[in-house]
Amino acid sequence: MKRKLLILLLMVVTLALVVAGCGGGETEDTSSSNGTDGSESSTNEGGTDSEATTEDSGESDDSTEVGYVLAGSDIFYQKGFEVFQGLAEENGWEVTKTTSDYDPKNEINNVQDMIAKGVDAIVLTTVNSSTGSKAAAIANEAGVPIFFVTALPDPNGEGVPDGSVSGPWYESGAGIAELAAAEHGPDSKIILIEGAYGQGIGELHRLGFLEQLAEEWDKTPEQVFEENVVFNQTGGWMTDEANTVMQDAITKTGGDFDFVFVMNEAMKDGVLKAIQPTGKDYPIYTINGQEGTVKQVADGVIEATYSIPPTTEAQIAFQQVKANLAGEDYPVFLKNVAVPVTEETADSPDIRPWLETEKYLEMAKNNETGIDISTMEEAGASDPDWSGQLDLNGAKSN
Amino acid sequence: MSELQVNKAEINKIPIGKKILKNDNTYLLTGLILYIVVISMIAPNFATQYNFSVVLQQLVVPAILAVGMCLVMVSGGIDLSVGNLLSLAACFMAFVIYNGGSVFVAILSAIVICVAGNLFVGFIISRTDLEPFIVTLGMMIAYKGLALITTNGAEFPIMGEMGFATSIRFFNFPLMIFIMIAVYILFWFIFRYSRFGRRLYAVGDNPEAAFLAGINVKNFKLLVYGINGLLVALASIIMLSRNEVGNPYLGTGLELDAIAAAVVGGTALSGGKGNIIGTFLGAVWIGIISNSLNVVGVSAFVQYIVTGGIIIAAVLVNSLRSKNA
């Protein structure tokens, strides 16, 4: 009898776990709505926006609901979500977050779940372009608008996004090359610590970097890779992995290189740790623009970075979703902002908060972020073709 | 009258109500119904035809893998490599199609890869003293490497080439759901009524006794892993058909879903115990948790805790019932 009671108790505990889980969810119902996204009131359509926002606030009783599907736990995605959620809450929306753990099948499942949940729109950071396209097709079929942040779906795929804001991955690679070429000559030896292979982001950084250097040094991109790059390997966007790879690079080259281009700032920390024991100061170029790195640039620890904040990206996506739900026209394919950060420009107001989302939301409220999609130009549905870069993945690591 | 006939006669005398109460699956099903009722009350969108179809679509691949896992586990083994083997097969199929090969050749290559791969595993396990856990762990890592080599770390999109498992529909449900149902009916029959099924329990329960009873235990285990490979091939075909992109991470974590489904369904890690209906209910449990929590709006991070809690609770209930029986 005792055992049966225990079994019954376990059943109740299971259900209680679920109900408790519901209480601990990310979904938050914000009934109060005391304003608009600050940046919008300053745009040319300020009046219209104000009206639309007032209407949105009124409609919040019907609870506009957005499903936000993250590719994984990367801090870039998390910070973007925090800003989107902050702006959405201010507008009286509910946002439900879920994550795909970098798994394509999870992404499809999550998008289907959000449709089943009855959300009004889906924001997706896709695991890869093909899966993104498939997810878009599912949302298209269900009549739910879908918006892509950070990465684009396959432009030749079956699904069509209702909005997208992708990173200027090619452009920032080219920008780093421009900064590096200003300091280093055509005989320079370069180490590339690259992002996870196959996603396209690392490959686009490299493509932009090689093409721009080729232009600066009057070579072909192939020549730059063959003659100047002495080591390239992925650090998987991770500090530890980049640390190991950089140690390998130092061993392989015997320390004979002129500068390092490391494609994100988490990996940059690993590169710095690997370089420290050599006692030398190698110039390091990186991408992200987090607050700590901007300070390192100002202090001369890092040569330069490129500020591509998730905060601005999220605000752009938010404005697209808002315009779509309000039935307004808006540019569908947009690129996030990219600002070069050097010792001279490290205190520029154009460098927006990256990690400090509360500060960014405060700026948005005060109309200080400078983000307004109505003034932005369509960027096109696709990035430059990077398929040829696949053969160069890790090619100089042996 | 033999002892077996006496026992059968005694079992037949047990009232049907008591039989149902004594069945492990009754509790799984009751819990599942209760869970669905509670979730439906919290989220009205949960109990819709669309979501019913979505849940079934999401559980097809893990459920098919769970059949193979149940088979292997009842025989006294385990297979940690199924997820990455699925990835490898899917990548290879996508590679073939992407490079102009026919879908038929691609499917054939997936079957060859999976069956050969699992026969290799089965050969090592049946002919050596190595633990299945270790052998399949090693193969899991090796398959990941092979999948990455096949794709060069990238992906092969094959949009519109192989979507038959989702595009062909009957009564508004995609073909893959009917394939899963067919697989379960077939293996329910095999487990319950075939000589193979009886031998499976015998080998898993006591391999020495099975050997003395005239069963070639080594070859039987080899066959079990071969069949498991065939089921992995089927799962990889459906997975690729659903996603239409060959990606080296497609099967990541699926081995854990399959093991969880089998264990929740009453399959013993020590072998000799398990059933197909329980495995199906276990797969539904695993499939429904993630979907339901998403629909309700539970944080993705809390979902892991709830899923883990439910698995432990289900296994604990089964264990307590077994001791009580």
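Just so you know, glycine gets a Cβ as well, placed from its N, Cα and C.
On a predicted model such as this, the values are computed, not experimentally measured, just so you know.
Quick look at what TrEMBL annotates:
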TRANSMEM  B:26-43  transmembrane segment
TRANSMEM  B:55-74  transmembrane segment
TRANSMEM  B:81-98  transmembrane segment
TRANSMEM  B:104-125  transmembrane segment
TRANSMEM  B:132-150  transmembrane segment
TRANSMEM  B:170-191  transmembrane segment
TRANSMEM  B:222-242  transmembrane segment
TRANSMEM  B:276-295  transmembrane segment
TRANSMEM  B:301-320  transmembrane segment
Quiz item: For the transmembrane segment (B:301-320) and the transmembrane segment (B:26-43), does the number of C-beta pairs under 8 Å, pairs 6 or more apart in sequence, reach 3 or more?
Solution: yes
Quiz item: For the transmembrane segment (B:222-242), which partner among B:55-74, B:81-98, B:276-295 gives the most CB pairs under 8 Å?
Solution: B:55-74
Self-check item: Best-contacting stretch, by C-beta pairs under 8 Å, relative to the transmembrane segment (B:104-125) and drawn from B:55-74, B:132-150, B:170-191
Solution: B:132-150
Quiz item: Of the listed stretches (B:26-43, B:55-74, B:81-98, B:132-150, B:276-295), which one yields the highest count of Cβ-Cβ distances below 8 Å with the transmembrane segment (B:170-191)?
Solution: B:55-74
Quiz prompt | Tertiary contacts of the transmembrane segment (B:26-43), as residues 6+ beyond its ends and Cβ separation under 8 Å | solution = 20, 264-266, 278, 281-282, 284-285, 288, 292, 295-297, 314, 317-318, 321
